[in-house]
Amino acid sequence: MRSKVTGAQRWVVKIGSALLTADGKGLDRTAMGVWVEQMVALHEAGVELVLVSSGAVAAGMSRLGWTARPSAMHELQAAAAIGQMGLVQAWESSFAEHGRHTAQILLTHDDLSDRKRYLNARSTLRALVELKVIPVINENDTVVTDEIRFGDNDTLAALVANLVEADLLVILTDRDGMFDADPRSNPDAQLIYEARADDPTLDAVAGGTGGALGRGGMQTKLRAARLAARSGAHTIIVGGRLERVLDRLKAGERIGTLLSPERGMLAARKQWLAGHLQTRGTLVLDDGAVSALSQGNKSLLPVGVKLVQGSFRRGEMVVCVAPDGREIARGLANYSALEAQKIIGQSSDAIVGLLGYMAEPELVHRDNLILV
């Protein structure tokens with residue numbers, strides 16, 4: 001199983017705030033230097049690297065003399081703006097000591113939800129990787145709002161893994177990996193060395209929240225692994241405080257939790273759809289539609305929808321749920337919520353009579369639909 005790690009040619013490495021700061025007192029340049037040494041060694045071994053780095057808010061808090069993470073959005077954004085400057089400069093200077101170039105990329109959810117901007121970001125990242133430049137990526141905290149933020153850099157790292165079609169996503173954390181119980185309260189807790197990303201039993205052991213400086217807990221890391229699996233990537237959740245952890249992963253040492261994809265890589269457009277985290281409405285399906293969609297490669301017709309919830313426009317992402325509320329699929333709606341309410345439960349032949357026109361015979365076309 002660990003051959004999937006040692007043989008991986010394209011890595012996305014995510015390093016959290018707690019591993020980059022000196023107990024919240026600014027950036028730990030020594031620690032960053034150790035990370036850079038390991039990443040340069042990977043580079044020299046032929047591994048293509050993309051770095052997703054947290055730490056901007058924590059670095060900004062230190063510069064401002066704040067000891068507690070603020071809750072007000074404008075204060076967080078101010079801290080991010082101040083801290084991002086120091087963060088990217090620290091990475092650049094440290095990599096430059098080893099003759100490596102870096103490039104800063106700040107992303108928002110809107111960048112990846114818009115198909116054209118998504119493709120532009122993908123092209124830029126691939127060009128940088130081919131030039132042997134190390135992209136340093138962070139969420140653009142200065143401009144995002146709660147409605148459009150990724151929520152945590154674990155999710156961002158998974159979406160970046162999709163973007164660049166990475167073989168391996170490495171999520172470095174302050175825990176040694178995923179355990180079958182909480183090791184902080186249960187001394188008998190055992191590390192889970194390998195599992196499938198879609199294993200439902202993992203949800204029960206992934207409880208907990210993020211630390212004081214970051215936003216992501218183990219649940220977000222599991223969700224990130226499942227998202228990365230959409231593009232066929234394996235994910236390692238591993239303790240960032242383990243000595244020379246990246247070197248040891250490359251050598252095949254059995255550390256951390258390796259989560260493997262449940263199926264092969266999705267087509268490029270489906271990967272993009274899988275990255276849509278913001279949904280605008282819900283379509284409640286009947287049992288027949290649930291059965292049809294579950295078979296795969298089927299479009300959602302109006303006749304199979306019982307209820308429309310929320311407000312959405314044509315082309316926006318909606319969730320498709322079974323009568324019992326289980327999420328079945330997500331897709332881009334061919335009709336607005338108001339239009340959909342008029343045609344649900346009807347055959348496609350009736351659309352023109354009900355609306356006066358027919359944009360598409362399907363409510364959601366199979367090319368714009370992804371099962372979950």
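Placed from the backbone N, Cα and C atoms, the Cβ positions cover glycine too.
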Out of LYS14, LYS25, LYS342, Swiss-Prot lists as part of the ATP site with THR173, ASP174 the residue LYS14
Have a look through SER53, SER54, SER62 and flag the one Swiss-Prot assigns to the substrate site that ASP141, ASN153 belong to. SER54
From the binding-site residues LYS14, THR173, ASP174, pick the residue whose C-alpha lies nearest to the C-alpha of ASP141 (substrate binding site). LYS14
DSSP-derived structure type at ASN153 (substrate binding site), helix or strand or else coil: helix
A 10 Å Cα radius around SER54 (substrate binding site) captures, of the binding-site residues LYS14, THR173, ASP174, exactly LYS14
Taking every pair from LYS14, THR173, ASP174, which the record gives as binding ATP, the longest CA to CA distance in angstrom is 12
Reported as an integer number of Å, what is the Cα distance between LYS14 (ATP binding site) and ASN153 (substrate binding site)? 7
